[in-house]
Amino acid sequence: MATKFPKFSQALAQDPATRRIWYGIATAHDLEAHDGMTEENLYQKIFASHFGHLAVIFLWTAGNLFHVAWQGNFEKWVSNPLKVKPIAHAIWDPHFGESAIKAFSKGNTYPVNIAFSGVYQWWYTIGFRTNQELYLGSVGLLILASVLLFAGWLHLQPKFRPSLAWFKNNESRLNHHLSGLLGVSSLAWTGHIVHVAIPASRGVHVGWENFLTTPPHPAGLTPFYSGDWTVYAANPDSANHVYGTAEGAGTAILTFLGGFHPQTQSLWLSDIAHHQLAIAVVFIVAGHMYRTNFGIGHNMKEILDAHRPPGGRLGAGHTGLFETITNSLHMQLGLALACLGVATSLTAQHMYAITPYAFLSKDFTTEAALYTHHQYIAGFLMVGAFAHGAIFFVRDYDPELNKNNVLARMLEHKEAIISHLSWASLFLGFHTLGLYIHNDTVVAFGQPEKQILFEPLFAEYIQAASGKAVYEFNTLLSSSTSPATVAGNQIWLPGWLEAINNNKNDLFLKIGPGDFLVHHAIALGLHTTTLILVKGALDARGSKLMPDKKDFGYSFPCDGPGRGGTCDISAWDAFYLAMFWMLNTIGWVTFYWHWKHMTIWGGNPGQFDESSNYIMGWLRDYLWLNSSPLINGYNPFGMNNLSVWAWMFLFGHLIWATGFMFLISWRGYWQELIETLVWAHERTPLANLVRWRDKPVALSIVQARLVGLVHFTVGYVLTYAAFVIASTAGKYG
């Protein structure tokens, strides 16, 4: 008999029902649970998969480069970045029809998709200028992807499989990743900016043919060896520098100017190079801190074991954490996801507030798309961090090893943690909603002057302390006489104060009562999401109801009132609930960002300031008003180039709504439905010639919820993506 899927589980492969397929897919990545899996084999498989992951990333990037070089208009865009629309790729579709071909054709090009990903600005900033360079980059990445795939295969061969001891050698791995991965790669990137990108921004082409003969600075390496490093900061580009040409260009390569290049409204490349160099130095030093073969440096275990406050308030302190983290991949993954989630959210913020790429801040649709994209990814990563934290408690937590240390004490006072989060969420929820609906009511009854409007004083003070003069707080950097301001203008960031008080960029936007309210609405979402996730993780191993449910596993389902209390201790259900809260919270974040920016770009910030104080304002003046481009993608007079987003908007709603079919139902209904269909199938002539090997059974409760959640999530994100792109592109191109 042929072996059935899944090969990794004998028990599942022999299951006579369709469960075999779904459980097989569900546990394909749960490597720990596979037949015959040893700890060493587990580490080796995960390690090899990293090479595959990198290969996929490089392949994808190579695809972007290749398609833009082949079907895009990069060279034309480079000649006039503000007026030419960047093309992502051609659209090949015989079903188009005449009106669509007209709508999607730009000039004399065949129907195309416009790029809203920011790759044009990115490649331009780092020194690309021609299609040939894009092709070369694409081929280079393909070769790299092939090398990585080979490396992944190689590390699965018996001779080249690293041992378990190698994987658990924390100090060596830290040194290698800090110095090698983060330090040297930052140094290499600094080198690229200094040797290729900065010359390109000054009209000097540096390629493979001349990079060894074109010094990035006229003084060469002499100042470096003589210690006269200020030479590299002298003579920066002037304020009237025309980007990409020698006009107004300087010679500085490592500066501390602050603010933005007046023409491109992006950070000075020489500032970025300086920043990247500093990071390289810090990480290369950090990568020499830990004790490995030479008997010098720190030992992680000693540091953790020594962290025990003298007052005794933290019990055994960090004792046991070294072994706990070393031996738990879920704990490591949880920490990594949490850090990466925060970094991704910061990327969303900094990508528009301190734009690193030339002319990106003039491409409003791309800015909106990038913000939304990074914010959603951050949400998924952070929820994943807590999910793996919960799996850690179920599978990897050893109460003996962690006796009376900080981890055990967290678990012992979890009620206090959970209830404090609960109080914070309740306070934020009732007060914020109360203010909104009060304002809604008085506006609806024609008395808008009775709204309760708070000026965000503390936030304004923080902005003023950073140099924003409009609030007239006259404190720290917004006071012309403070020592910080005096030093700032002479030594560091002379361009900062000009930038923060310039209305042409996104640094510290002016805020008011609408911002105050939505800030607290977002705080409510963040606290509630955190509450659900923290409770799910802390109660994952057990609660008052069931002291230790280690053997029940992570996907222990919430079985409703029939089995009282099971919902209280299901980590899977906490993850499931938190996903909805996370998605809705990021909805509020992106609505806020998008609406505020739409009004600023349109020169009418007053619309946001007035309408954002009550919920009807959000529904009417943001969602409804901005959905007109989507509704008019098709109309009685034909169609326009937003029709594709109109389709996506409808399709997103459809997927989203399908999710509810799985979310608002119960298992018995599905089983009955399936058996009815099977009965009908078996009695229908011709149809009953087709048989199946597996007995059809309904999805389990947990599976149906997952299917529902996936539809809800995908539909939600697709719908909002279409809305953001079409509403912004409809107004601002």
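The backbone N, Cα and C atoms fix where each Cβ goes, and this holds for glycine too.
Of the listed segments 174-198, 449-473, Swiss-Prot assigns transmembrane segment to 174-198.
The Cβ of CYS558 ([4Fe-4S] cluster binding site) lies under 8 Å from the Cβ of THR566, CYS567, SER570, TRP572, ASP573, each of which sits 6+ residues away along the same chain. Residues 116-118, 328, 330-331, 333-338, 340-342, 344-345, 347-348, 351-352, 529, 533-534, 536-538, 540-541, 549-550, 552-554, 571, 574-575, 578-579, 582-583, 585-586, 589-590, 593-594, 597, 717, 720-721, 724-725, 728 of the same chain, all 6+ positions outside the transmembrane segment (368-394), place their C-beta atoms under 8 angstroms from a C-beta of that stretch.
Shown in sequence order, GLY715, THR719 are the residues of the chain, 6+ apart in sequence, with a C-beta less than 8 angstroms from the C-beta of HIS653 (chlorophyll a B1 binding site). By number of Cβ pairs under 8 Å, the transmembrane segment (516-534) is matched best by 574-595 from the list 46-69, 134-157, 272-290, 574-595. A C-beta separation below 8 Å, combined with a sequence spacing of at least six in one chain, links TRP670 (phylloquinone binding site) to ALA698, LEU699, ALA704. Away from its own ends, the transmembrane segment (574-595) comes close to residues 368, 371-372, 375-376, 379-380, 382-383, 386-387, 390, 515, 518, 521-522, 525-526, 528-529, 532-533, 535-537, 539-540, 608, 612, 618, 621-623, 626, 705-706, 709, 712-713, 716-717, 720, 724, 727-728 of its chain (Cβ-Cβ under 8 Å, at least six residues beyond either end).
Contacts of MET661 (chlorophyll a B3 binding site) defined by a Cβ separation under 8 A and a same-chain sequence distance of 6+ are given as GLY708, in order along the sequence. Around the Cβ of CYS567 ([4Fe-4S] cluster binding site), 15 further Cβ atoms fall within 10 Å across all displayed protein chains. Looking at 134-157, 272-290, 329-352, 706-726, the range that has the most CB pairs within less than 8 A of the transmembrane segment (174-198) turns out to be 272-290.
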